[in-house]
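**Student:** Pasting the relevant annotations from TrEMBL:
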type     : residues  : note
TRANSMEM : A:6-25    : transmembrane segment
TRANSMEM : A:55-76   : transmembrane segment
TRANSMEM : A:97-118  : transmembrane segment
TRANSMEM : A:130-149 : transmembrane segment
TRANSMEM : A:169-187 : transmembrane segment
TRANSMEM : A:207-225 : transmembrane segment
TRANSMEM : A:232-251 : transmembrane segment
TRANSMEM : A:292-315 : transmembrane segment
Amino acid sequence: MIISIQYLYWLAGVILAITAFMTATDRSNPKRWTTGLFWGLFAIAFLVGEKLPPVWVGVGVIVMALIAGFGGVGFGQHQNLNDRARRESAGRLKNKLFIPALAIPLVTVIGAVLLKNIKFGDVFLLDPANSTFVSLGIGSLVALGLACWLTRDTPVQAMRESRRLTEALGWALVLPQMLAMLGLVFNDAGVGKAVAHLATAYINLDFRLVAVMVYVLGMALFTIVMGNGFAAFPVMTGGIGVPVLVGMYGANPAVMAAIGMFSGYCGTLMTPMAANYNLIPAALLELPDKYAVIKAQIPTALAMLVANILLLYFLM
Amino acid sequence: MQTAINLWPLLGVLVIVLGFVLRFNPMLVVALAALATGLAASMPLETILATIGTGFIKTRTLPLIILLPLAVIGLLERHGLRLHAQNWIARFTGATAGRLLIAYLFVRETTAALGLTSLGGHPQMVRPLLAPMAEGAAESRFGKLPEALRIKLLALCAATDNVGLFFGEDIFVAFGAIALMHTFLLGSGIDVDPMHIAFWGIPTAICAFVIHAIRLHRFDQRLNRELTALPPASAVDKELAR
């Protein structure tokens, strides 16, 4: 491939390294050394992570967790445009401000859909396994160029803004990755098998409705624990879906699978383990309650679980 | 269940639940849970650290999608993007926060169902555009929102993006989840056409749209009820007039 995901890791690593440097030299941040170290370690994971021995990376992850856990990740002062200048700028640029913002999703979609299969000889243009991510990276760079051109601002200022938002997110930016890592550790340690064992060993599945409920709620519960419906699906479907719903009650496997996975997604809506969807947005929107998004989703998720139980019961 | 199942790794789940309930720092809780799970599964410390390291490197794409758009979004915000988004929506007199979010839910879910999952997202769509527009639509009717309602509205913006994405993407046949289900069922000796799995997701997808749209509509009504200082009778008239 010509544009591989590795370039994006390097790009992210460089951005984080600049952030770490800016932070460490920012005297307005009372915790500038620990904060700088935190972003510095994260930058290293992106720049050379795959070349380091995994044990070292593991130690680095633990150090980052300790820095974050004991309040070592702080933020500095930031020079915003004053209110009047911002109003003038908004009044001058008007709808042009939307162009770079919309360019990110548009370029990403164009790349992921149209450029995905383009090859030069035998070489793919975009990394075929990660075409969406690579397209997002290209989209962000195109949008950055547009934004600098329209606002007559510099890439250096863009880096300052990136650092402002990175510091505002703080350790929450690293959390999704930590949780995904935990999911893999859970897998290696056999947590899934233990949960499925508990669910199937102590519940009487001789009633069709009970079996349906155990499958649907089990998918949700398991996803709440693991933070990911993909991890729950093999365990619950292997434990209950195939042997009980299909085997005993003759369910249509397509219906069972489709509704089962959606039940897992209901769990995703309710768990802090799915940090990318639930905790990061709360941080991005600067909400004081980091569980506010989950709270807003719980009624929809619970109603959807009831709907899924009924749909599976009547359609399968 | 002939083979003995080791239940000790569930200790890690317990650490996570307790940690989140007691509101310790999530980074620390997750690191501790990983260590506890590994120890309970009687892995040596070096193996646990290596597992943590490998897992961390394998999942580096996750922060990418948040990190990369930040420079652009930050620069545009510096030049008044959110301000302009608020003013822009205020020009549409029929726009309410709830209606805006219902329209977004529809677009997000249908485009995701066509495989265009990257047309939304929290850093590039919700923070810079959707949230200020929803806030602007509400403020142009009711003036400044009380803090509790404002938080609820912003949280609903993020929730709407999630609901639309989750329940849309799974009825796109080339989506990874469909492949995963198909492969797993094949492994269990059941051959199902991926098209059928995608098709049978449609009833749930429709339910999700209806249920979430009703909630958004009710949020509009709640804003109306709590923020218009009119006597109850005329509030009812206003409801009927819509």
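Yeah, the Cβs are placed from backbone N, Cα and C, and that goes for glycine too.
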**Student:** For the transmembrane segment (A:232-251), find every same-chain residue at least 6 residues outside the stretch whose CB is under 8 Å from a CB in it, and list them.
**Tutor:** 192-193, 195-196, 199-200, 205, 208, 211-212, 214-215, 218-219, 222-223, 226, 257, 260-261, 264, 267, 312, 316
**Student:** Contact between the transmembrane segment (A:6-25) and the transmembrane segment (A:130-149) is defined here as three or more C-beta pairs under 8 Å separated by at least 6 residues; is that satisfied?
**Tutor:** yes
**Student:** Grab the same-chain neighbours of the transmembrane segment (A:55-76) for me: Cβ-Cβ under 8 Å, and only residues 6 or more beyond its ends, written as numbers and ranges.
**Tutor:** 23, 26, 28-32, 34-35, 37-38, 41-42, 44-45, 49, 167-168, 170-171, 174, 178, 181
**Student:** Below 8 angstroms Cβ to Cβ, which residues of this chain, lying six or more residues outside the transmembrane segment (A:97-118), approach it?
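**Tutor:** Hits for the transmembrane segment (A:97-118): 90, 124-126, 128, 131-132, 134-136, 138-140, 142-144, 146-147, 150.
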